[in-house]
Amino acid sequence: MRTVACAVLLACFMGCLAGAWAQSAGLEILPNSENQTKPIGRSMLLTCKPNVTNKNLISQLRWTDPSGREVPFKNPTLLKPHIFVDWLPPPGEKVLTLMIPELREADTGTYTCSALYSNTKQLSKSVHVRTIMPITWDDAPEEQYPTVNETFKIRCRVSANPPAIVNWMRDGHIVETGDRYVVEQDGLTILNVTEMDDGTYTCRAIVIATGEMALRPIRVEVHTPPQMSGALPPKLEAVEGTDFTAKCAASGKPVPRYTWIRVDTARDLTKDGDRVSADVLLGELRIREVRPEDAANYSCTAKNAAGTATATVEVTVVVRPRIGRFDNISVASGKDSEAVLECHATGSPLPAVTFRKLSNPNRYINGIQPTEDRITVDGVDSPDGRTRIGKLIISNVLRSDDGLYECIATNKGGEVKKNGHLMVEFKPSFADTPQKEVWGWEQHAVNLTCLAHSIPNATISWHFNGADLFRGREGQELQQTGYTLFGSGPRSTLQVIPFNRKMYGNYKCTATNKHGTAVHEIMLREARVPSAVLQVKMDVMTATTVTFKFFGPGNDGGLPTKNYAVQYKQDSQGWEDALNRTWPVDSPYILENLKPQTRYNFRFAAQNEVGFGPWSSQQTHTTPRISAPEEPRLLGLPLSATSGTENEVVVSPYPNRYELRWQVPADNGEPITHYSVKSCPVEKYDTEWRLLPYPCQEHKLEGQATTFQLESLQPDTHYKVEVRATNAIGNSVPGQIIVRTVKDPSQMPGVANVEDGSEGQMSSAAIVVLVVAALLLALLVVDLVCCLVWRGGLIAALCHRCCSAAKTDDSDAKIASLYSWRFPLPYCSNKEDPAMLAPAKMQQATVKIPVIEEKEPLRDGKEPVPIIKERVKRETAVDFDVKKSVSRTSFVGKDSAV
């Protein structure tokens, strides 16, 4: 009994507990709001989950739409379903979502989530979905283009739910309905648009219920229709064969595009890119290589969004002149003769025709010429009016009128030229035959030449003693006469080989053409060898050479003297053993390879084309003994011992070198072993060249040298150069020359110029500088030793002054203490030295170092050359500044390169 009661009580308790659980079970929808508001076009997600203790007791969980239909699960076959449900993971949580990817206005309503709990209790929860429409720009282009002087509405049509309020702003200010503006629901109307209305307008839409606001900036650009600027004239001319361009210019906004039309054919030239074309952007009509058929009316149309404008131009073609005929003519010269040159020219417009002679740059003028009344220029038009005939009329034609003439036709299209020839015929003339006398001799061929000028060419015949030399003579008979003919006109040469004296005489050359005859005479004379030489003088004689001067001969035999000859032998020889030497006229007459101290016999003769004349003017001379060579002749301006003017100075083109050249002198019986070249810097005093106190350069050249390169010279300096030849006997008299080098601004004084690989030599001034520098360095070392050991000398004095100054200046002492570790001065003592503390300033110490001047004179073998005058001498000293440690020399030569 007690057990039954306990069971009943337990059952009652469990029933009460189950009822309490069932009563608290429910569904929860997230977002947790009974009303959901979403804009149309947005996505939406509603989540339904059971709010129970045991979710396994939930079944039949689903969503229904406002129509009561169950919302299906997502169908994989549909790419984009409008509305569907899906489980959220994990599956055991039983969370069912309602998804709407894109809300529509028809989706407004109540959506219900329901479920069955414990198979007995129905659970449900609802949410109301309300859609709103955001501000949408239905017709509000961001760029709009009104036309000037017209009424234009700036469009701005807006849709929204709830409806939006629209107003306008410009430059931050509200635009209200006024004189020229009318604010409407779908736009802003502007009355009588002007260019000042350009700018940015803002269309503002407001929904007060939702607090939404949207702005749409609209750029307004006022367009103006095209207007021709007047750059295109009504008529234009194009020149045949050239490129033609016509430009059509119009103003407007936006920039207009252009179209060119040929009016007579209505052809759009912008679509034809061949020879005739048009540029739609630049408005240019282009015609390449204009032809006559391009003449027409052309229309240009400028067009933009605001309208069009048209202009028409008439293009005429200028046809270049052409010369069709300009014939060559022939006219005989004479008092009553007349020459007419006709030139036929065409072109549009008809060209003007004139002439000129090619040998004269000036053109003839129309009518009678002011400087030559024989010449007239005239012209007429052809009967059809398409040709201009120009005429050049020359009366009383002269031979000088012969030549080329130029016809010149000119019009707007340009100028064209053509040459024609006027041939003036005349009888023969021997004006250009210079031969009047010819010399010949036995068995020697001589040419007699005639040149006959005539038009037409003349035929030439030869006569001697009144007979025609070649009439009736041919072949072997003609050759036996000694005459040969080359050419019969207009140039003819008669070759004569005289074999007897009867062939000398007067020959006549006769030229004949249809206008007349001319005769020219040439005298053939007999030439002989020259007569004896009038006089021969011995000019220079050395041990091995002799130089002659010739005078004569008295009679050259009819031909100029070509050579002089000498026949010479030793006194002990006969003339059959004599030697000969021949020189051309006006050459150096030097006989070489003679023996020293030898007696020679000489005789002389002259030679022309015929041969040598008789030997004459016999002389006897004895060559001197062997001696030193002759003076070398320098190839340049020789030094004069008396004048010494600046014009006698040879200028080197280089600042530091000079190429010296000379002729090989006579060795006077002994071969030249070597040459000596010496160069010394000099300066001119009054009329003399004096040596400067600088070292000279000497060079010895072995062998037969004839050139030498003087190097290491100073710029802008005069040098006296000597060349001596030496043989076993001794030295020759020196050949002398003065050379001046050019200036070289890039070279520093005292520095040797090193150019072309040459090494400079150190001058005496440079040596002085090096010696002074070495002395200064030695003094500095000695003073430093004195400072370190005995604390005396210049360095010690300077150090003591620094230290004593540090005592008197506290700030300087502090600074010195900071740096004392960096610059230890063991010789810097605080001990005062009265001598060092003297207030007097230190004076510069000057050390006089004499410099020995080189006074080696150039010698000519006898007396020394004057050196330097006393007034030119300078004292040389070196100044040493103990404060600045700088040395300098007080010597500066007047013309010294250092």
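The backbone N, Cα and C atoms fix where each Cβ goes, glycine too.
Using a 10 Å Cβ-Cβ cutoff, CYS113 (disulfide bond) registers 26 neighbours. Sequence annotations record features per position, and here Swiss-Prot assigns disulfide bond to CYS48-CYS113 (among others) based on sequence analysis.
Non-local contacts of CYS156 (disulfide bond) by the CB criterion (under 8 A, 6+ apart in sequence, same chain) comprise TRP137, ASP139, ALA140, VAL166, TRP168, ASP186, GLY187, LEU188, CYS203, ARG216, ILE218. Feature annotation from Swiss-Prot assigns disulfide bond to CYS156-CYS203 (among others).
For CYS248 (disulfide bond), the same-chain residues 6+ apart in sequence whose C-beta sits under 8 angstroms from its C-beta are MET228, ALA231, LEU232, TYR258, TRP260, GLY283, GLU284, LEU285, CYS300, ALA302, ALA311. According to its DSSP assignment, CYS248 (disulfide bond) is coil. Look at Swiss-Prot and you will find CYS248-CYS300 (among others) tagged as disulfide bond.
Positions annotated as disulfide bond by Swiss-Prot: CYS343-CYS407 (among others). DSSP gives CYS407 (disulfide bond) a strand state. For CYS407 (disulfide bond), the number of other Cβ atoms no farther than 10 Å from its own Cβ, over all displayed protein chains, is 23.
As annotated by Swiss-Prot, disulfide bond applies to CYS450-CYS509 (among others). Every protein chain considered, the tally of other Cβ atoms within 10 Å of the Cβ of CYS509 (disulfide bond) stands at 26.
Look at Swiss-Prot and you will find 31-124 tagged as domain 'Ig-like C2-type 1'. The average pLDDT the prediction assigns to the domain 'Ig-like C2-type 1' (31-124) is 88.
What Swiss-Prot lists as domain 'Ig-like C2-type 3' is 226-316.
Reduced to three states, the DSSP call for ASN35 (N-linked glycosylation site) is strand. Feature annotation from Swiss-Prot assigns N-linked glycosylation site to ASN35 (among others); the stated evidence is sequence analysis.
The N-linked glycosylation site annotation in Swiss-Prot covers ASN51 (among others). All chains included, 13 other C-beta atoms sit within 10 angstroms of the C-beta of ASN51 (N-linked glycosylation site). According to its DSSP assignment, ASN51 (N-linked glycosylation site) is in a strand.
The annotation N-linked glycosylation site is assigned in Swiss-Prot to ASN149 (among others). Close to ASN149 (N-linked glycosylation site) in the fold, though at least 6 residues off in sequence, lie ASN192, VAL193, THR194, each with a CB less than 8 Å from its CB.
Residues or ranges marked as N-linked glycosylation site in Swiss-Prot: ASN192 (among others). When secondary structure is read from DSSP and collapsed to three states, ASN192 (N-linked glycosylation site) falls in the coil class.
DSSP assigns ASN297 (N-linked glycosylation site) to a strand. Annotation source Swiss-Prot lists N-linked glycosylation site at ASN297 (among others).
Taking all protein chains in view, 12 other C-beta atoms sit within 10 angstroms of the C-beta of ASN328 (N-linked glycosylation site). DSSP assigns ASN328 (N-linked glycosylation site) to coil in the three-state reduction, placing it in neither a helix nor a strand. For ASN328 (among others), the entry in Swiss-Prot reads N-linked glycosylation site.
Annotation source Swiss-Prot lists N-linked glycosylation site at ASN447 (among others), citing sequence analysis. A strand conformation is recorded for ASN447 (N-linked glycosylation site) in the three-state DSSP classification. Summarising the environment of ASN447 (N-linked glycosylation site), the number of other Cβ atoms within 10 Å of its Cβ, over all protein chains shown, is 13.
Annotated N-linked glycosylation site per Swiss-Prot: ASN457 (among others), in sequence order, evidence recorded as sequence analysis. The secondary structure of ASN457 (N-linked glycosylation site), as reduced to three states from DSSP, is coil rather than helix or strand. For ASN457 (N-linked glycosylation site), other Cβ atoms within 10 Å of its Cβ number 15.
Annotated N-linked glycosylation site per Swiss-Prot: ASN580 (among others), in sequence order, evidence recorded as sequence analysis. Counting only residues at least six positions away in the same chain, the Cβ atoms of ALA565, VAL566, GLN567 sit under 8 Å from the Cβ of ASN580 (N-linked glycosylation site).
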Under 8 Å by Cβ from CYS343 (disulfide bond), counting only residues of that chain that are 6 or more apart: ILE323, ARG325, PHE326, VAL353, PHE355, ILE389, GLY390, LYS391, LEU392, CYS407, ALA409, LYS418, GLY420
Nonlocal residues around CYS48 (disulfide bond), in sequence order (Cβ under 8 Å, 6 or more apart): LEU27, GLU28, ILE29, LEU61, TRP63, VAL95, LEU96, THR97, LEU98, CYS113, LYS125
Count of other CB atoms lying within 10 Å of the CB belonging to CYS450 (disulfide bond): 29
ASN328 (N-linked glycosylation site) and ASN297 (N-linked glycosylation site), distance between Cα atoms, whole Å: 44
Rounded to the nearest Å - Cα separation of CYS509 (disulfide bond) and ASN447 (N-linked glycosylation site): 13
Where CYS156 (disulfide bond) falls in three-state DSSP terms: coil
Rounded inter-Cα distance in Å - ASN51 (N-linked glycosylation site), ASN328 (N-linked glycosylation site): 129
